[in-house]
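Listed in TrEMBL for this protein:
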TRANSMEM  57-77  transmembrane segment
DOMAIN    64-511  domain 'Major facilitator superfamily (MFS) profile'
TRANSMEM  105-123  transmembrane segment
TRANSMEM  135-155  transmembrane segment
TRANSMEM  161-179  transmembrane segment
TRANSMEM  191-213  transmembrane segment
TRANSMEM  219-241  transmembrane segment
TRANSMEM  349-369  transmembrane segment
TRANSMEM  376-399  transmembrane segment
TRANSMEM  419-443  transmembrane segment
TRANSMEM  455-477  transmembrane segment
TRANSMEM  489-507  transmembrane segment
REGION    537-569  region 'Disordered'
COMPBIAS  545-569  compositional bias 'Basic and acidic residues'
Amino acid sequence: MNDTSERSSDVSPILFDDVSQSKLKHSSENEATDRIIIKPVNDEDDTSVMITFNQKISPFILILTFTASISGFMFGYDTGYISSALVSIGTDLDGKTLTYGDKEIITAATSLGALISAIFAGISADIFGRKPCLMFSNVLFVVGAALQVSAHSFWQMTIGRLIMGFGVGIGSLLAPLFISEIAPKHIRGRLTVVNSLWLTGGQLIAYGCGAGLNKVHNGWRILVGLSLIPTVVQFTCFAFLPDTPRFYVMKGEYEKAACVLQKSYINAPSDLIEQKIRELTQLNEAIPGKNPVHKLFNTVKELHTVPSNFRALVIGCALQGIQQFCGWNSLMYFSGTIFQTVGFENSTAVSIIVAGTNFVFTLVAFFAIDKVGRRAILLIGLPGMMVSLVMCAIAFHFLNIKFTGAGSSQVENGGFSSWGIVVIVFIMVYAAFYALGIGTVPWQQSELFPTSVRGVGTSFCTATNWAGSLIIASTFLTMLQNITPTGTFSLFAALAAVSTVFCYLCYPELSGLELEEVQTILSDGFNIKASKQLAKKRKQQNSEMQRKYRERDAENYQKDKPSDELLES
Ligand SMILES: O[C@H]1[C@H](O)[C@@H](O)[C@H](O)[C@@H](O)[C@H]1O
């Protein structure tokens, strides 16, 4: 299997109808409650094993998920604290007040660092492993934070932010990837959202701490120093934990993979584990290559030439682009300015409420993502965002606010009015719809790619995210000045409308599907209808399985229950 065309035929296309109707096969009567064997590909000898032996999530998986998602917290905290730190820095750097341009450079340094490291993190994770790369990001966080805490010059601060950004980029890419590779399929979405919860929670905490430390002397140094705690915790925990089974299989370390799977699926029989490993090996053969550069070349080639991979790439990058270009981070970075503009005195408090809405609705997404489905929440979220943005645009029109001054955020304020309330209310509604759908779903990107190209594929998507974040952060205030707030919000609304159409046409429902099944769905089109049917089928199978487990548990309980006489005696 050396060339691309051969590889693509191995995970060859089937039409979903085949999957749902003839290729789903329950094994023998007794086994039916423990496992389902599906034949997802053309090769009749091939099997895709869903380990459904034990529906309860093992504590081991929870520990791995929580450890990995500390990266999400770092992402949120480190991008969140800067807005208040910039206010309280005062003249602490070089003995003078930071100019508006200085502030932009310090803020953008992290996004730039994240963009650069996201490009390399995927391939490094394929070479060295997911876990070692995440641990390396901890080292970068420590170095970056140490440079900032001790900074007395603008450049030391900027370099500290850049190095911290390298860490953020690695973590933003690898934490969701790690989680999706260890998660059982029926809760994969949810476990990946744990990372987003930590992320939005990190932003909220950073805003809160920032507000609290605002007046404290050198408070910003404490704010940065606090970020050392989670990173040290993550590093220490990872020292005792393994990498993902899919990575071990990729490296041919089958025993290690079996060991992780065994701990993840308590009581699963070893033949089932072996079968799963065989399947992972068959469907995810490592990309050939004489050396890392040759391998990288082949991976990039495979990403673009295998149709299912290319479709995955289009979806993954588009979702990350949409996430950024619908304008959310402009609010994250500049909500204080906007709220001040519309006449709110305590703008920091309102910003905290917006970040809080983002967090609360990420929690809603946590419950909805596997049950309601990714596609459904996207198609609820994007139109909701569009309507809220239109309402904001209208309200800004009546507020008659002008942002003036080249490169500054000075404002000719129309003063507080009821249109100001409309802006705040709809920014919150916007935040809610954002967090429910597009704020959360793009980070499920790892499930789009097979292991062989997952690292590089998700690198491209994450780099798109950071490039978008960089562009929006550096153009938002200029847009407010040049095309007015009404124009800016209308533009975001138009982008939300186009994005809705894109998702409707191109984003299949992937909840409940095995990672390996996703490639099948994408092999000969976006197969929206087929994906919805397969996801529905998997959901039904899952609830059926859970019902059986409950019945079995109840039976066992009845059997083991001490008799009334025994209890009386
Ligand atoms: O998913 C996250 C989340 O929505 C954050 O609030 C946002 O700041 C990030 O840019 C995004 O990637």
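Start at 1 and count along the chain as shown; that gives each residue its number.
A Cβ is built for glycine as well, from the same backbone N, Cα and C atoms used for every other residue.
Long-range contacts of the transmembrane segment (376-399) within the same chain, counting only residues at least 6 positions beyond its ends with a Cβ under 8 Å from a Cβ of the stretch, are 322, 326-327, 342, 365, 368-369, 414, 417, 419-420, 422-423, 426-427, 429-430, 432-434, 436-441, 484-487, 489-490, 492-493, 496-497, 499-500, 503-504, 507, 509. For the domain 'Major facilitator superfamily (MFS) profile' (64-511), the model's average pLDDT works out to 90. Only sequence-distant pairs (6 or more apart) were considered; of these, fewer than three Cβ pairs between the transmembrane segment (455-477) and the transmembrane segment (135-155) are under 8 A, so the stretches are not in contact.
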